[in-house]
Amino acid sequence: MAAANRDAFWAPSSKVNPDLARERESATFDVRELTHIIDGSPDRTKRRKELENLLYSEPVFRDVGRLSMERDEIYEQGVLKSIKLFEWSRKYKWDDDDFELASRLANHDISMSLQHAMFIPAIERLASDTQKAKWLPRALHYEMIGTYAQTELGHGTNLMELETTATFDPERNEFIMNSPTVTSMKWWPGALGKSSNTAIVLAQLIVKGKNHGLHPFLVPLRSMEDHTPLPGISVGDIGPKMALNCIDNGFLIMKNVRIPRENMFMKNAEVTRDGRFISRGVDKANYATMVLVRVKITRWAFESLSDGATTAVRYSVVRRQSSLKPGERELQVLDYQSQQYKVLPALAASYAFLMTNRSLHRLYDSVHADIMAGNTKLLAELHCQSSALKAYMSEVVVQLLELCRQACGGHGYLASSGIGLLCASSAPLVTVEGENSVLYQQAARYLMKQVAKAVVGDPVASGFQYLLTQSSSDRPDIRIQNLADCGNLDTLLQVYQRMAFSVVTGAARKLQMAIESGVEQHVAWNNNMVSLIQAARFYALHGIAKEAGYFLATPTLTPDQFELVRAAELQAMAKVRHDAVPLVDAFDLHDICLHSALGCYDGNVYERLYALAQTSSLNKTQVHPAYYKHIRGLVKDGQKQLRQQSKL
Ligand SMILES: CCCCCCCCC/C=C/C(=O)SCCNC(=O)CCNC(=O)[C@H](O)C(C)(C)COP(=O)(O)OP(=O)(O)OC[C@H]1O[C@@H](n2cnc3c(N)ncnc32)[C@H](O)[C@@H]1OP(=O)(O)O
Ligand SMILES: Cc1cc2nc3c(=O)[nH]c(=O)nc-3n(C[C@H](O)[C@H](O)[C@H](O)COP(=O)(O)OP(=O)(O)OC[C@H]3O[C@@H](n4cnc5c(N)ncnc54)[C@H](O)[C@@H]3O)c2cc1C
């Protein structure tokens, strides 16, 4: 699509779809006020608008051409966007919030996203003060372009079995980095393939023949002069993915690559000049970067889900299809209860996830400050909460985005709907930064310890007090006698706590019984893994309806009470349906950020679908070259055969 048309494409039209306009006129609340709450404050809304103007005045951030781009072009666009953000960050001295916001406005569609998502945070968290003074300026001025290389071809989850080695050579005061086997090559790290010139490599530290476990090392990959790989380094792209193809996820093989001893990150441990290994702080402090990214992923979950909900809600009030009674006007599909059941949970969960991310981020900031001051008391609880919430929220996002896609019928399957790409780019959230089933188990492990404490009356961690309150014999009955009771948040919280108490202590009991029967601990754990994972998962009415089994199979709700909850859920959906459009408008997503013909603010869906169809590369010529190469021959042969047949 020519640049001029591209600009026309995104310019909001004064002609707004009448159904959409009517929905906005009947809002029961002040949308702008809610937008300020979502942004965090009026100032943050103002800041977001400033950044939108900055980014979207740049052609590279407006381009609708991405729908029919080749991988190399997608990658190069992603590099260009990265560099734009880096230049603005340096020029305007953006803080982390501004950078994260700008990255979000670019849909995180930036090739070198790891520079600020992991590389710089890892240096801030894992380097000694001397190393920070040396490396941070080089990373913040983008001389060092970096990645976080931990996962290998053969291992991603099980860090203990990572094979890359860093062997200390006391003669030359260096570490020798090696990828000893094919499965040990680093595989997946973002921006590793073609962009990065430096990597933080996680490797088994070997000193005088002894393995001191996994430690981070700063490894130069490419020449700072001409970007060619340095001696002993083989590096490249691992190939196209389902989405996120602007990112050059790469492989890295190291053969006897020598780095100075000072390149071992030394905040939490060091190797002295004479080869002594000294460990400092907590054993798992080197895992700090993973905890941070898990918290970020809960934010990305909100962002992806609010995008999907906005498109699905706006399209569902614009789209009219079929009538409830013959002869009547076709219905807005959002008036079908089944459509509400598909789309409104994504809207509800978007708000729930926004608030949950905020709460988790506050916990993270507080615990991180403690750890930087040497107090690691709450690290285990943070690890549990960040693992469980990253797993649960990414799982729900993937499920609900797929439902939003299905709710948009055939047009939801078009790339121009934006939802397919949203599903594909959010899909890896259940895998990255710790595969979900593994992280749920980490949370379950911590939960089991809290149960053990509650059972003997010892104090339990702040987030798990329900294990005590729900265990007392005089715990209050759950008061759900009518629909109004189902709207009482304290009552719903009590329902969840009651259920959680039963599921968690039930899992603990099964585990304990298995171990007491003589089964070894790790076998008992595996045999009860599903119960343990369930113990680590749980949102309001819809959550109860969806997970009926856990609320009915435990002494939580009677069947009658459960039916009341179901009725209340449908009643709540009808109420939310009235304000569904103002509720998604409050996310205030610029059309360029949403990148969807179905979700555009003006609701001119059909004109936009048709306009975007023109950008299809197949429409460059009226008759496609494939006709002349292949189809014409087929038709001519057919005509010849028919002529011959008619002569018979
Ligand atoms: C928008 C779309 C963009 C989408 C694109 C976005 C791309 C983002 C970039 C992605 C980057 C990556 O994926 S980077 C790679 C991410 N990789 C991972 O996350 C690997 C996952 N695996 C792990 O974290 C570990 O192997 C884990 C499963 C926890 C097991 O750890 P270990 O074997 O070392 O130890 P365990 O025996 O299980 O646990 C020992 C103790 O350590 C504690 N422990 C374990 N991990 C801990 C941690 N992180 N912080 C604190 N404590 C921890 C446990 O609770 C135990 O405590 P006690 O019970 O008290 O003993
Ligand atoms: C888009 C993307 C970006 C990435 N970016 C980076 C990056 O920048 N840096 C980096 O280092 N890595 C990165 N990764 C790698 C990512 O961290 C790993 O894919 C992830 O840790 C899972 O490891 P794995 O792929 O080896 O799967 P495995 O660990 O082999 O697991 C495979 C499957 O086995 C099952 N499983 C494994 N272990 C257990 C268990 N203990 N209990 C129960 N089931 C289990 C699970 O179903 C799991 O899905 C990225 C991956 C993707 C997809």
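Backbone N, Cα and C define each Cβ position, glycine as well.
Since we're looking at a predicted model, the values are computed, not measured.
What TrEMBL records for 30-145 is domain 'Acyl-coenzyme A oxidase N-terminal'. Among the features that TrEMBL reports, FAD binding site is placed at THR151, GLY190. Among the features that TrEMBL reports, domain 'Acyl-CoA oxidase C-alpha1' is placed at 287-448. Here TrEMBL flags GLU433 as active site, proton acceptor. Residues or ranges marked as domain 'Acyl-CoA oxidase C-terminal' in TrEMBL: 536-635.
By neighbour count, meaning other C-beta atoms within 10 Å, the densest spot among the binding-site residues THR151, GLY190 is GLY190.
Across the range of the domain 'Acyl-CoA oxidase C-terminal' (536-635), the DSSP-based residue counts are 67 helix, 0 strand, 33 coil.
Taking Cβ-Cβ distances under 8 Å and a sequence gap of 6 or more within the same chain, the neighbours of GLU433 (active site, proton acceptor) are MET290, VAL293, ARG294, ILE297, LYS390. When DSSP labels each residue, the domain 'Acyl-coenzyme A oxidase N-terminal' (30-145) comes out as 90 helix, 0 strand, 26 coil, counted as helix, strand and coil in that order. Mean per-residue pLDDT, taken over the domain 'Acyl-coenzyme A oxidase N-terminal' (30-145), amounts to 94.
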